[in-house]
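Positions annotated as transmembrane segment by TrEMBL: B:73-90, B:102-122, B:128-145, B:157-181, B:201-221, B:247-274, B:286-304, B:316-336.
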Amino acid sequence: MTLGLEASGLTMQIDGTTLLDSVALAVPSGSVTALIGPNGAGKSTLIRVLAGVTRPTAGTVAWNGVDLAAVPRRDRARTAALVEQDARAELPMTVESVVGLGRVPYRAMFAAESADELSVVRAALAEVGITSFARRQFDSLSGGERQRVHLARALAQQPKLLLLDEPTNHLDVHAQLDTLELVRRLATRDGVTVLAALHDLNLAAAYADDIVVLAAGCVVASGTPDQVLTPELLREVYRVEATVLEHPVTGRPLIAYSPAAGGAARDDGR
Amino acid sequence: MRRSGLRLVPPAVWATLLCVLLLLTVTVAITIGPADITAGDVWASVLHHLGVGESPLTPLRDGIVWELRMPRVLTAGAVGAGLAIAGAVMQALTRNALADPYLLGLSSGASLGAVAVLLLGVSVLLPVAAFAGALLALMLTLIIARASGIGLAPSRTVLAGVAVSALGSALTSFVVFWTATGDSYREILSWLLGSLAGADWPAVAISVGALAVVGGPLVLAGRSLDGFAFGDTAAAALGIHVDRTRWILLVATALLTGAMVSVSGSIGFVGLVLPHAVRLVVGSRHRVLLPLSALVGAIFLIWCDTLARTLFDPRELPVGIITAVVGAPLFVLLLVRKPLS
């Protein structure tokens, strides 16, 4: 069964501005899809719509063939977990209690704390490799550490679908690779379906099974990294000149950007 | 570090400790005052009124325990607990460390509602009017805070609250000034700075009733409050019906505040400072934070009120003066310790 996530005709308009325009995409079950596109393309909006947090003006999101809008909120939160960009708390919280939030969809409103809650939280902390700072204050962590805490929180939701908005933002190279290795592992080992908005095209090329390119609210290309990451597409969507090489180790596409010396890209930017 | 040491104490132990402390507080607070009453007398009187045994006290002294001090102490406890819960809930819902019923104008709105009804002479409606006033003030604060931008910026919410609060206080003062005969200033002060001097058994019924009917479910709903920690999107992604939950809980907070203000006037700093202090020790899981804040709030306000009525005996201080004198430095300490925004 490879249905996974399927969206069609997703349109989002706010105050007359079209943020998403008939977006259709499919993420097969157990695969990793990277969502790429320039700033303001609508990646975050699309991810929020897919997570069921924002209602689209039109269109449907289906998980394994079931319309997600028809699924009760709590059930949806047990299916899909969302990691936002740089989410901060205003009140002091420990890492452990942030990760514990992942169990909110599993709690009855007035029920007492269940025993397995702690074990799920511990497992999530261990999976992400942050067991050692379980009792630290969330606010005292670096950006990369906070991102991992959020990832652990998402894992505590035991999701089948993981939606990540720029999970590698603000991370150093090691932490970026680490995060995406983990995501890859979740997909391959546990069959979690992943859609991640990424800025770094080389990371997308290295870790994603498929890439969806969003520009001005429209899907302009989708397919495997080999199919999608072409010099023509990069020129058209990002206004950059680039050569697409082959990664010497992985054999995947590797993008080398050309300096825009007197080129069209720079003039266009003005 | 001492703080992390305190954090290792399980919440159940804190709860037990605080319950014992509350019981002691109630007993001791009743013995304090001009008439010479012992803790034994207090309990004998309580048992007598519950139908067990004879009171060892003269009717006059028994009256002091049962008709004056007991309702006053119980009201103080319920009001303290209610305000602490209201503050903690508002802080979580608005993601604003400075949110509390007093600072965001609910208390002064409730006072205005209460004195307006007193003016009309229908004191039966006092709690209802106070609730309406609190709700109106809350709406006004949130509308003003939202008007000039996206979402609820903490600083703007507080500034809007200050404006609403000032207006509510001014109108309350004006209504009392216009209608009161004789000692209007004392009455103005008791609404603006809070006073439990008039607490009788009906006041106990209102405050303890509100605490049980509104405060209880709020405490139990603590788990959904947790989900608001990282904002509305994160809460929605955790399966919380954000708008509905927020409105239900905010209206409940206004209800709780209204009931408390109708018996005590507006008392500051209880809802603001105590939840922060408790959070430092037990963390921010609301299922733990709310009940412990309630216990600490009850104990705190009973002692503040005991000071208020004995410090300059026979003259009484408005209890809000005491809560501010104790609460303001505590608040400064919290501000300095950890930047709140």
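Glycine too: its Cβ is placed from the backbone N, Cα and C atoms.
Listed as Cβ neighbours of the transmembrane segment (B:286-304) (distance under 8 Å, sequence separation of 6 or more from its ends, same chain) are residues 11, 14-15, 18-19, 21-22, 25-26, 29, 73, 76-85, 87-89, 92, 211, 215, 218-219, 222-223, 225-226, 267, 270-271, 274-275, 277-279, 319, 322-323, 326. The listed stretches are B:128-145, B:201-221, B:247-274, B:316-336; of these, B:247-274 has the most Cβ pairs under 8 Å to the transmembrane segment (B:73-90). Counting Cβ pairs closer than 8 Å and at least 6 residues apart in sequence, the transmembrane segment (B:128-145) and the transmembrane segment (B:201-221) reach fewer than three and form no contact. Among residues of the same chain six or more beyond the transmembrane segment (B:201-221), those with a C-beta under 8 A of the stretch's C-beta atoms are 67, 71, 74-75, 78-79, 81-82, 85, 89, 127, 249, 252-253, 255-256, 259-260, 262-264, 287, 290-291, 294.
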